[in-house]
Structure formats: structure tokens, C-alpha cells
């Protein structure tokens, strides 16, 4: 039996890696202009080479890595909060990060450094998470309904603040709307360069400490008995998830439900331990986000694009409702 389980997990890794490669190729091909992939290796001055290398390739890498960041953040939050509905979007973390990024645009902080918006987004994500936990906590526990309600309240609040910013500065409307809708349009090597250090730091630590997530799901008493400080590691995971969510929002806007859908699809396949659930969720989240970005580019004609955040909401919204119905006995 053990051999069969290990074999099944290996199959999942292989399938997700294969899907990742396939979607990567499709993403380089997808767009208003069809360009053979061999243009990657042609003259650097050719139009096809420039489109692939400077537009589609960085966009593809960024979309995939942001999917990895959001899905791993969602899986981690579900573990440390023991809540199957937790993820950066449903808890309002993404909206808090988007508001701080919009505030940075409004006051022109992005003119000082390319890292100004990511740092402000990280700060917004962390403060929002702390406030959500404060609102939802009761005698040291976090109930599903109070967490979700707190997330909805803060999302509504931050959306109102962003609307005020839009009305005060019409010139920044298009930039601020971008944070609300979520998109990879126009993303280049510059945004990837900004995002990558934050991603490597946060995701590497999540992978390194993922065994501790299984221990935290056993409860604080059992974690202490096993020699793990639950409060210390829970705070570490809170910071890392805020790190990844804030960095993602700072370069791509609000893209919801990826962190909710990915872990649950894997749990349906009987993947329970976070030793495998976290990396597999990361791979699946990368595939889902990149797939959504490909659809966003090809659904409309004439070079127009749909917001990726709208497509992920269409996928995640019904999924979220199903999970609510499944867990309504706990309310």
C-alpha cells in the first residue's frame, strides 16, 4: 500500500510538471500574432524574437510564479488556521495589499524606488492579516464564519478606499483599476525582477518548513509535546504568506481563489500531508494561473484581453460556494 501511495504522488508530480511545460509553450504561442517558437533563437533584432523574449516570456514566467505564490500561501493559511476556506483573497489580504499599492501610486512613492510598491503591499497584507485575526479570534480560536466575515468586511472597506483614491486622482484611475481586476498585460522583465527576490525568499522558506505545517494541524498541545513552538512558527508562516501575497499583488493586482482551489483539488485526490500538498499545490496553482492568463489573451479578438482576476473569480466563486455548503454544518 505504501508503495502505491508513493507511486501515485510521483505520478501527480510528473503530470503537473508536464502540464506546466505544455502551458508554458502555449503561453509563448498565445496572442494576437502567431509567432513560431523558433524565433526565440533567431536574430535578436527580429520582431518575432522581440515579442517572444520581451513580452511573452517574462509574462509567462511571472504568471506561473504568482500562481505558485498564491496557491502555496493558501495551503499554508489553511493549515495554520485549520480552516479550509482560508486564502489571501477570502481573508481580505489581497485587498489590503492592493489598497497600499494604490496609495503608493496616488502619492507617487513608486518614483523613489522600484521596490516601493512591493514593500507597501507587503505591509498592507501583513497589517490586514493581523487585523482579520484580531476580529475573528475568540478565546484563541478562529471560527470559519467569523474569518470569512472579517475578510468580506475588510475587502469592502478597502474597495471603498480605493474608489475614493480613484475619484481624487483621475490620472491614476487606469493604474488603480489594474490592482482591482488583476492582469498580466504589459508585464515585463522589470516586474519579474521586482517580484523574484520576494518570491524566492518566501517560497523557499515555506518549502523548507513545510513539515511543521503537519504538526501545527495537530493542535498547540501536541505541537509542544513534539518540541515545536506553535506560536513562533505560526507567526513565521503568517509573515511568509503575507510576503508572497503582497509581492504578487504589487506586480499583478488582485487575483483571487487560486489559493483556495489548488489545495482542495489535491485533497480530493487524497493528498493530505503538507510535505507533498504544499509543493503540489504550488505546481497546480502555477498551471491554473498560467492557464487563466492564456484564456484571457485568446477569448477576445483584436488584441483585447480579459482581466485574469475575473476569470479566476469565475472559477473560484462557484468552488467557494460548494465549500461553504459542504461546511455549513460547522457554522
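Going from the start of the chain as shown, residues are counted 1 onward.
Backbone N, Cα and C atoms are what each Cβ position is placed from, and that goes for glycine too.
Curation does not apply to TrEMBL; its annotations are automatic.
Since this is a predicted model, take the numbers as computed values, not measurements.
TrEMBL assigns the feature transmembrane segment to one of the listed ranges (147-166, 167-186), namely 147-166. The stretch from 194-213, 233-262, 274-300, 306-325 that makes the most Cβ contacts under 8 Å with the transmembrane segment (88-109) is 233-262. Listed as Cβ neighbours of the transmembrane segment (115-135) (distance under 8 Å, sequence separation of 6 or more from its ends, same chain) are residues 88, 91-101, 103-105, 109, 142, 146-147, 150-151, 153-154, 158, 194-195, 198, 238-239, 241-243, 245-247, 249-251. The transmembrane segment (274-300) shares more Cβ pairs under 8 Å with 12-41 than with any other stretch in the list 12-41, 194-213, 306-325. Within the chain carrying the transmembrane segment (233-262), a Cβ under 8 angstroms from the stretch's Cβ atoms is held by residues 62-63, 66-67, 69-77, 79-80, 85, 87-90, 93-95, 97-98, 100-101, 117-118, 120-126, 129-130, 133, 178-184, 187, 191-192, 194-195, 198-199, 201-203, 205-206, 209, 212-213, 216, 281-282, 284-285, 288-289, 307-309, 312-313, 315-317, 319-320, 323, all 6 or more beyond its ends.
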